[in-house]
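Here is what TrEMBL records for this protein:
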| type | residues | note |
| --- | --- | --- |
| TRANSMEM | A:150-170 | transmembrane segment |
| TRANSMEM | A:182-200 | transmembrane segment |
| TRANSMEM | A:212-230 | transmembrane segment |
| TRANSMEM | A:260-281 | transmembrane segment |
| TRANSMEM | A:288-309 | transmembrane segment |
| TRANSMEM | A:346-369 | transmembrane segment |
| TRANSMEM | A:381-400 | transmembrane segment |
| TRANSMEM | A:420-438 | transmembrane segment |
| TRANSMEM | A:445-467 | transmembrane segment |
| TRANSMEM | A:479-502 | transmembrane segment |
| DOMAIN | A:530-653 | domain 'STAS' |
């Protein structure tokens with residue numbers, strides 16, 4: 001491939017060294033202005049540079065900062081606190097905090113029990129597995145997690161995603177035992193994925209799913225989940241296994257004459273109205289937040305009692321029928337550690353783990369910002385991972401932070417992760433004593449509870465805002481939304497990730513450039529499209545490049561600058577004999593440049609030379625000026641063609657344009 | 001997911017509208033300074049915005065520009081010229097140009113004939129297929145291509161890559177016919193890939209392989225190719241099919257006692273020295289460029305004659321033995337359009353096509369920059385694609401632009417693509433009449449020619465420069481280099497692409513931030529690390545964010561700014577009771593912001609509010625200010641907290657710091 005041409009002489013090299021060693025004290029007067037030289041930062045050696053990059057990439061939160069200047073025993077204690085934050089906050093725990101945590105814990109427990117039973121069905125698992133997953137993981141999290149507000153347990157979207165992915169591999173009805181074993185395997189690897197990302201400090205990977213894509217994905221998943229509930233809600237027996245809207249609606253309408261059960265619909269509609277009304281009350285009056293929080297449990301109790309006394313199950317109303325009593329059995333031996341299901345479980349686990357992580361981190365950050373405390377994303381991932389690994393060995397499936405329950409937890413006044421412990425104890429008691437009572441709970445009420453819960457995931461306001469702010473984000477949002485609804489959750493997720501990446505690539509391939517003009521009465525140069533009053537300087541074209549110049553865009557930037565030049569020359573050709581003699585490239589936003597970028601600048605310089613145009617650079621940053629020197633490009637165009645500001649550069653071309661008084 | 005909190009009132013909305021309609025004429029005096037308001041560009045509708053993005057992404061070179069304001073018949077002619085540039089330049093063709101083209105054409109023909117025979121072996125094909133590929137594709141290119149200097153034909157790296165990929169699927173020795181059919185299939189799809197990328201205007205995809213990665217990949221491929229030549233060079237019969245250095249060296253040394261042939265080595269070494277000396281002569285005196293260009297053909301003639309008279313082939317010197325006479329047979333029916341080899345051919349074709357494209361585009365650009373003419377990348381791809389599609393039907397394998405021959409073409413004074421036609425005719429005559437004479441050509445001489453040719457691909461100077469300029473690029477370069485040498489060409493390519501992408505992701509995930517200070521005697525604020533003389537303003541922290549704020553970095557930027565704040569507060573706590581009251585975020589380099597970015601700014605604002613710190617923005621660009629308004633964030637922090645320059649912002653916090661006289 002073409003090597004870079006360098007027409008530098010050795011004597012220039014010496015001169016460069018001089019300037020390098022006098023980075024700042026090199027003022028000289030010109031036109032009564034003190035011209036500052038562009039500073040060249042002190043040369044760093046490779047390992048320092050490499051260390052800094054690694055530090056900023058993986059340890060940008062400086063996890064070792066508190067360890068600095070501490071005694072050994074103190075460091076040991078801090079080390080324990082790092083992995084078990086409970087050790088830290090338990091020392092300042094008091095009765096008033098306990099009161100808040102107990103109230104919050106009881107509230108989220110009442111909300112989670114009916115939800116858990118329903119969510120387990122989304123994952124094609126028996127109801128008790130939902131409850132199991134609300135017992136062990138929250139306990140582990142309480143010891144290791146750093147969020148004070150998150151409520152741990154199974155969530156709708158992850159349950160649906162896991163159910164879909166598992167069902168693709170094993171049919172849950174014909175092979176329930178193998179299906180369950182694969183579920184635990186996936187949960188195990190979801191945990192391993194989460195913990196590994198945390199340990200390797202790769203937490204920033206969750207940032208690659210854009211906010212807009214998540215809004216779309218969540219909205220689509222909510223609608224898909226709600227549609228799935230039509231089975232229980234309408235009492236349909238023969239329902240499709242697919243999740244896309246077309247298959248589901250076909251299932252629903254093909255059974256309209258013989259498959260719907262009016263008693264079921266009556267129960268479902270009544271309690272859905274009740275739940276929606278409770279939600280409405282809670283929204284209108286923030287003090288009544290507990291009304292929508294306990295409404296599901298009340299619905300379950302009322303509906304179960306109603307079915308029990310009327311024996312509606314004999315009229316075709318589907319009921320839960322059976323939930324295993326007792327705490328989580330061990331599932332260590334159920335995990336596939338070899339065979340073909342190992343790979344499949346791993347793959348499913350990675351996907352489910354990443355989504356669970358994204359949700360939990362978003363919740364943690366949101367509530368941490370509200371109460372102004374810091375969350376360590378990587379530490380949090382280790383906690384979430386550990387809880388899922390332990391969960392997979394105790395018959396739990398993937399648990400994470402739930403948006404709806406975390407919000408209730410927050411509003412109920414939780415103070416620490418103790419509210420999760422309280423919830424966990426309530427679930428334990430439920431498993432030990434109350435599960436048989438769920439026998440007569442109609443499936444329709446669970447469907448109503450889930451529909452009521454997932455409606456919150458459809459964030460229309462956020463979608464409108466996305467439309468207003470960024471059209472590309474809106475495309476990503478809609479892509480994910482329709483992908484989930486019309487195809488499947490995986491495809492929706494794939495679209496979301498794909499569009500997010502496309503956006504990043506677009507950003508680095510086609511950076512913006514702008515023509516600058518002088519704001520009247522100042523020495524400030526700004527984009528003439530943004531400031532129509534800014535005026536161009538005759539004979540000088542000032543172009544600002546708005547991005548680092550890398551291999552992915554260096555060629556585009558070079559050609560774009562030349563196109564600006566052609567446009568400008570055509571424009572002024574109409575006006576008269578005036579020609580452009582100077583091209584000033586404002587480099588302030590150019591944060592970095594690589595070998596391809598230097599190459600492109602050299603090509604630009606050569607082309608301009610052929611057209612008798614002078615290339616001038618304004619305000620290159622520290623990294624850029626360093627590389628311009630290292631590559632001898634600074635000598636090629638001339639050290640005196642690099643200026644601190646655009647104003648200085650313009651002044652050097654045409655002293656008439658000194659700053660106006 | 002969390003919706004964004006907005007504490008905006010409707011009356012603020014009205015105020016915003018006023019400012020929006022008066023973007024520029026809104027000066028007001030303060031401290032004797034005319035403060036310009038930050039301009040809000042006129043609102044664009046969605047389709048205009050979308051159209052502009054699409055145009056800038058896919059049609060950044062304005063291919064329709066010449067068509068503007070032309071008559072219909074002129075447009076038709078221009079349309080033909082678009083696909084057949086020959087129509088344009090042939091009108092100004094003259095005898096003096098023809099003279100240059102004939103000399104250049106004859107020179108590259110003499111260089112290409114021996115190379116072609118050798119390169120065909122790299123692709124595990126019979127020697128005539130190399131010659132075929134130097135006949136048809138250059139002809140097609142001459143009519144459709146827009147580069148005047150490129151020399152078309154088989155090249156070493158693509159031949160090696162194609163050979164390796166094909167050999168993975170079919171063994172060329174046991175199934176030569178199927179192997180060849182797959183080669184044509186891959187060539188067909190390589191052409192389709194190239195043409196499609198051009199038609200869809202996705203040419204910018206080739207920019208995603210960074211310069212550094214290409215340098216490393218090429219260097220590694222050159223060494224791998226040279227090592228492969230040891231077979232012919234040493235006369236080894238039993239040689240490994242693998243390409244990694246370990247396998248090859250094992251092959252070489254295990255046959256040292258019984259497999260080497262001293263007569264072969266003698267011929268090889270003699271002529272390699274001759275070739276290297278010719279190259280040395282050509283480098284020392286640019287006028288003697290033709291010496292290294294015709295040296296290979298002279299070597300072939302001398303060596304063939306020598307073998308013919310001494311009958312060295314009976315002493316174990318391997319010779320070409322047989323080349324089919326006559327022009328390219330049709331291979332339309334050989335291409336697999338169904339069956340399992342369709343998919344494999346497609347996959348191999350896409351990879352080989354992309355690499356061929358990368359090489360051709362790089363050559364085209366290099367020489368276009370030297371002679372200052374424009375190359376349309378997308379049009380060029382269509383030409384390269386068409387030539388390979390036609391080639392695949394006429395027994396050619398993937399052809400592209402050759403670096404070494406294009407350089408010779410340039411130095412020999414080629415004027416237009418006619419030099420390719422001349423070369424093509426010479427190859428045609430060779431195929432028709434001379435091929436039988438190659439019977440006694442020793443393989444060792446072909447090996448020497450290839451070794452001599454690929455040495456140029458090892459660009460040590462470029463590697464040193466990459467090390468000096470960008471350490472990350474150097475890692476990519478070395479990764480690709482060692483990947484090719486120690487594993488295989490595919491793995492090397494994969495590493496090159498992977499590291500290139502990692503660099504892009506790193507760029508968008510961990511953008512730089514800088515603390516700014518005031519340069520003494522000016523109102524200019526610059527990075528205090530680059531300008532140690534810049535001084536901080538007491539009570540004010542000025543942070544510059546050096547990147548667009550997107551979902552991939554919004555959270556990092558927020559946390560990084562807060563960390564700067566904590567660092568600064570710790571530093572000044574030691575000094576006295578002074579506290580920081582204002583945080584100015586310099587947004588000049590922030591070219592864009594998305595919903596996640598706005599979200600992060602809101603969180604930053606909320607956190608600062610809790611700490612009694614005022615957030616101030618300086619110089620947001622057109623897109624950013626537009627989105628700050630659309631999201632009502634501008635109203636949230638207050639319109640009067642957004643300034644044109646850092647200097648204005650500082651002035652508003654502390655009028656004492658007016659610009660020094």
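The count begins at 1 with the first shown residue.
Glycine residues also receive a Cβ, built from the backbone N, Cα and C atoms like all the rest.
Small disclaimer: the values here were computed from a predicted structure and weren't measured.
Taking residue pairs at least 6 apart in sequence, the transmembrane segment (A:381-400) and the transmembrane segment (A:260-281) share fewer than three C-beta contacts under 8 angstroms.
Taking pairs at least six residues apart, the transmembrane segment (A:288-309) and the transmembrane segment (A:445-467) share three or more Cβ pairs below 8 Å and count as touching. Restricting the average to the domain 'STAS' (A:530-653) gives a pLDDT of 87. With a threshold of 8 Å between CB atoms, the same-chain residues lying at least 6 positions outside the transmembrane segment (A:212-230) that come near it are 122, 156-157, 160-161, 236, 243-245, 248-249, 252, 358, 362, 447-448, 450-451, 454-459, 462-463, 466, 470, 473-474, 476-485, 489, 492-493, 496-497, 499-500.
Here the listed stretches are A:150-170, A:182-200, A:381-400, A:420-438, and the one with the most C-beta pairs under 8 angstroms to the transmembrane segment (A:479-502) is A:150-170.
Only residues 6 or more beyond the boundaries of the transmembrane segment (A:150-170), in the same chain, are considered here, and those with a CB under 8 A from a CB of the stretch are 108, 112, 115-116, 119-120, 122-125, 130, 133-134, 137-138, 141, 178-179, 182-183, 186, 217-218, 221-222, 224-225, 228, 241, 243, 341, 344, 348, 351-352, 355-356, 359-360, 363-364, 367, 387, 397-403, 405-406, 408-409, 419-420, 423, 450, 453-454, 457, 488-490, 493. Remark: secondary structure over the domain 'STAS' (A:530-653) totals 63 helix, 21 strand, 40 coil, with classes taken from DSSP. The highest tally of CB pairs under 8 A with the transmembrane segment (A:381-400), across A:182-200, A:346-369, A:420-438, A:445-467, is held by A:182-200.
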